[in-house]
Each structure stands twice: as C-alpha cells, then as structure tokens.
Amino acid sequence: MSVSTALKLCIFFTGFAGIVAEYSLATLATYLLGNAVLQWSVVISIFLLSMGLGSHASRYIPDDKTPLAFVLAELFLSLLVPFSVPIAYHFANNFLHLQTVIYGLSFVIGSLIGLEIPLAVRINNMYEELKVNISSVLEKDYLGSVPAGLLYAYLFLPKLGLPLTAILAGFFNLISAFLLVKVLKPKKFLKFLAIFTFFLLATYAVGHKRITLYEEQKFYGEEIIHFEQTPYQKIVLTRFGKHYSLYLDGHLQFSTLDEKRYHETLVHVPASFLKRYEKALILGGGDGLALRELRKYPFGEIHLVDLDPKMIEFSKKNLVMRKINENSFYDTRLKVFSEDAFNFVKKTKEKYDFVIVDLIDPRTPSSARVYSLEFYMSLKNKLKEDGIFITQAGDTFYKREVFCSILKTIKKAGFYAYPLVVYIPTFGEWGMVIGSKEPLNFENFELKEKTEFLNRERALAFYTLGKSLECPNVEVNTLLKPVLIYYYYKIQN
C-alpha cells in the first residue's frame, strides 16, 4: 500500500472518529449537565474553535516531524476520547468542576482533531499536486463524517451505549496510527508506543463495564439493578434498602418511597370529577404507575402512548417494575401505541373522557412541544364536551415560572384551569394542572376510589395551595417560541 493511499484511509477513519467523538461528548454533556440544545451548541462550538486553533498550531510543526505529530495525535485521541466518559462521570456530582472537565476535554480533543487535516495535506504534498492533494484529503474527511453521524444516531448510541461508542471512536484513531506506522516505518519507539496504546485501549474495552458501573453508582448514590440504553433514552433502576428509584437520562422519575403521593393525585383528583368512564388516554407514563391507578375505574378502553417501546417492555417484563405497577400492562382494556405524544394527539380521531399527560419536564424543544398552546388546542378537540385532562407541571418552588407558563398556556387554549400543588419529599413542591371544557366544583369534591395517601382534605388543600401561588409575568409557551426551556434552565444557569 502506498503512503498516499494509506494516508487517505487514515483521513477517512479520522473523519469518522472525529464526528463520533464530538457527538459523544455533546451527548455526555446533555446526560450530566442537562439542556440538550445548550450543551450541543456549546460543545460543538468549542470543538470548532479548538479545531481552528489546532489547525493554526500545525504550522509550527517542522516538515520532518509531521508524520510523527500525526501519529502521536491519533494515539492521544485513541485514549482520550474513550476515557472522557469515566473522567466526566468521576466529576458528575460537582456541577462547576463537571462543566470545566467536559468543556476542557472538548477543547483538547478538538485541538488534536484540528491538527489532522493540515498535517495530512503536508504529508501527502510529496505524492500529489496541490489541487488534487487538498481536494482528496478533504473529500475523505467528509466521506468519513457522513456514515459516522448516521451510525451514531441509529446504531452506536442505542445499541452500544455511550462508553462503547467512545471506545469505538478510539479504535478508529488507533487504526489510523497503525496504518501510518506501517507505511512510514518510523523509529522503533513509535511502534512500541502504538502497541502499548493498543493494549491500554483493549484492556479498557474489556473492563469498561466495571469502570462505568462504578462511576454510575457514584453518580446515582444507589445500587444499580438495571441499566439500559435505548434509541431514545438511558433507563436506570436503582435500589436503596427497600425502595426503588427510576431514572431516565439521569433525571429521577419516581421513588417508591413517595411515588403514590404523585400518582394518586395525578389520577384520582381529576378522575373523581368525571361523569362517564368510557375511554381514557395516558400520554407518557411508560412506567405503568399512572396506569396502575387508572385501572381502578371502569373504563371500557385505555390507550397509552409512549415513544419508547423499550420502556414499555422494561415496565411490563422487569419483575421489580411489575411489582411496583401491579402488572398494569396486562390489563385487557389496554392498548399501547409507541408513538410521539404530540403527533398522536394531532392525528387521532378518537374522543376521550379523560386524558393524563404524564411526560418529562420541558427540558428540550421536543419535550416542550407537549406543553405548547398548539398541543393543548389539539387536545381540546380530542376531549368530549364533559372531558377532563391533567398534566404534570413541574417544580413550583424553584421553577415556578415553568408552572405558571403551563397554567397560562392551558387557559389561553380555552380550558378552565385548576392548579394543584402536592408535596413529594423526593421532588419538593410539585405542580399539576387540571383542564376542563366545563367548570368544576371543588366544594362538592369526593374521591370515588380508595387510595393509600390521598383523601378529600388533602386534595382540597392541594387545590387551595395551587390557587394561592403568585405567578410572575410569564409568556404563553408556543411551538415557535418555546419559552418553557428558558424558564426551566433559568435558575440552574
């Protein structure tokens, strides 16, 4: 194999590895720091800046040292990219240190990636004329980037998970280093260094699960009994003593210590106002806990919409989850749809008596859609005239603007809106909003089913507390102006 051919293969592999490295660090930042839009923007921007600086720095490398510099850059990348995952998790419980570590890693890795193309062009300059040299090097870099981006989204992250994906990127960098070592025949120390790097990376690849589990358990502070990366999210179930907690992408969804406070309020307060029990819809609620409470009512049909079929499978088959949700997914009245909730509401021809919106907080543009004016207007058309819906509306203490914006948006859609605030020890003061086409009378409120935590007095107290909250001057959340994302991260930032 000629040096020029080997070099072009190297550039293809480095283009592939570079995109995987960028996406892996952006995903890692999202998992640990939150705010997907912000983290992807910041990490990719840091990469672009550092790649430019790396390209600039390449001019100071003497011509006779360019092959050595290229190989060393690939060897460093082959270790730095894979090890960035456990390094970041090690600092996961310190927000300021974590930001410095992730952004610092992005800068260093980006700088090394920035060296690649200028060095490759200079090495290849001996074998091809300038116009062919530059175009062929850039061509191979771009061609390597395209499959990397697609495979990352559709295969690597959902099937391999983040740690193994980063290891894969490292091996592509290592292959590039070995190719150049083979054709350039450098000094023995470089061959030894390449072999040593291979053994380090291979050892980490074999033991990465143990290392990752150790760092993950430090992050969650509890024993991890189930860990799964799906195409949509990372599912983690933990145990602490007799209690279990579920996390999605690092965010707590429930703890068995107090989840009934949330789910009983979410279901039984609005359900007690219903005049008919024919057809119900749950949007989200893939853990089956809202469904567990809803099954107590004599609905003829229950539809549940959750984007992630793996979440449904986990909740249906995992023995711990089955015990918590009381085998709710085996109810014969249930029909599950693995679809996006926003799109389902928009296209369905069904009319419902009761709708429960039990979805994640509006942390991203995608999740903010199901708290938008357009969504609530679509939902209004899917409710019967005496139908009722309820949505979770987030933390009312630290993120009151989020709660107030959701409340205002529901009113803007033409609903009668009734705020509830329930205290949940693991979450704090948590808001919910009931929406109805007809006015509801809380003075005559009576629970229709037996509950473990909820009673009439508590339900009325939750409504009284909800009404008493003073809302700041917030905007309505829309698709074109998703203000909820700004409100959600305002306190944290």
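Just so it is clear, glycine is given a Cβ too, placed from its N, Cα and C backbone atoms.
What Swiss-Prot says about this one:
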- D358: active site, proton acceptor (ACT_SITE)
- Q233, D306, D340, A341: S-methyl-5'-thioadenosine binding site (BINDING)
- H263, D287: spermidine binding site (BINDING)
- 202-437: domain 'PABS' (DOMAIN)
- 9-29: transmembrane segment (TRANSMEM)
- 32-52: transmembrane segment (TRANSMEM)
- 68-88: transmembrane segment (TRANSMEM)
- 101-121: transmembrane segment (TRANSMEM)
- 137-157: transmembrane segment (TRANSMEM)
- 161-181: transmembrane segment (TRANSMEM)
- 188-208: transmembrane segment (TRANSMEM)
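At the 8 Å Cβ threshold, with sequence separation of at least 6, the transmembrane segment (101-121) lacks contact with the transmembrane segment (161-181), having fewer than 3 such pairs.
DSSP assigns Q233 (S-methyl-5'-thioadenosine binding site) to coil in the three-state reduction, outside any helix or strand. Of the Cβ pairs linking the transmembrane segment (137-157) with the transmembrane segment (9-29) and spaced 6 or more residues apart, 3 or more are under 8 Å, so the two regions touch.
Between the alpha carbons (Cα) of A341 (S-methyl-5'-thioadenosine binding site) and H263 (spermidine binding site) lies a span of roughly 19 Å. Close to D340 (S-methyl-5'-thioadenosine binding site), meaning Cα to Cα within 10 A, are none of the recorded positions out of H263, D287, D358. Considering only the binding-site residues Q233, D287, D306, the Cβ with the fewest other Cβ atoms within 10 Å is that of Q233. Within its own chain, the transmembrane segment (9-29) has Cβ neighbours under 8 Å at 39-40, 42-44, 47, 70, 74, 77, 81, 84-85, 88, 102, 105-106, 109-110, 113, 116-117, 120, 137, 140-145, 147-149, 152, 156-157, 162, 165-166, 168-170, 172-173, 175-176, 179-180, counting only residues six or more beyond its boundaries.
Every protein chain considered, the tally of other Cβ atoms within 10 Å of the Cβ of the residue listed as 'active site, proton acceptor' stands at 25. Within 10 Å of the Cβ of A341 (S-methyl-5'-thioadenosine binding site) there are 23 other Cβ atoms, across all protein chains. When the Cα atoms are compared, D306 (S-methyl-5'-thioadenosine binding site) and H263 (spermidine binding site) turn out to be 17 Å apart. Apart from Q233, D306, D340, A341, the S-methyl-5'-thioadenosine site neighbourhood in this chain, defined by C-beta within 8 angstroms of the site C-beta centre, holds Y232, G284, G286, V305, L307, D308, S338, E339, L359. Across the structure, Q233 (S-methyl-5'-thioadenosine binding site) and H263 (spermidine binding site) are spaced 22 Å apart at their Cα atoms. The Cβ of D340 (S-methyl-5'-thioadenosine binding site) has 16 other Cβ atoms within 10 Å, all protein chains considered.
Within its own chain, H263 (spermidine binding site) has F254, L289, A290, R292, E293 as residues 6 or more apart in sequence whose C-beta sits under 8 angstroms from its own.
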